[in-house]
Amino acid sequence: MDVTRLLLATLVGFLCFLTVHSHLVFEETLGDDRSLKSNSSINSLDFSSVSIVALNKKSKKISRKEAEKRKRSSKKKASIKKVARPPPPSPCVATRDSCKPPAPACCNPCASCQCRFFGSACTCRVLNPNC
């Protein structure tokens, strides 16, 4: 019975060695100049050359103008989407201020009173910024 255990232990050890050895990455030695040359020639053919060109002042101005136009158009779209909101009630609580239940409503119509820690800390918070 001891012989079978010894054989099983040897077999398990050999299998562990094979699995570890099969997953190791083989390092290239400096003596393999042929493989290095073939790899470098393949790599140089695969990638096209990249040239870095400095932008002149005119192209910078054009890109700034385009950015400003985009910014203006996004502001116009945002202003169009806004709907007239009802005026806030006269006694109201500002955003991020304490709004315990006896306090009046929040000034921002998109804000709501949110309580934490079993209702001990309540603040007016805007949950949906696109309200």
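Quick reminder: no glycine exception, Cβ is built from N, Cα and C everywhere.
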Of the candidates C16, C92, C106, the one sharing a disulfide with C124 in Swiss-Prot:
C106
Which of these, C115, C131, shares a disulfide with C122 in Swiss-Prot?
C115
With reference to Swiss-Prot, which of the candidate residues C107, C110 participates in the disulphide bond with C131?
C110
In the chain carrying C92 (disulfide bond), residues 6 or more apart in sequence that have Cβ under 8 angstroms from it:
P104, A105, C106, C107
Quick one: of the disulfide-bonded residues C99, C122, C124, which has its CA closest to the CA of C110 (disulfide bond)?
C124
Could you state the CA-to-CA distance between C131 (disulfide bond) and C124 (disulfide bond) to the nearest Å?
15
What is the number of other Cβ atoms found within 10 Å of the Cβ of C99 (disulfide bond)?
23
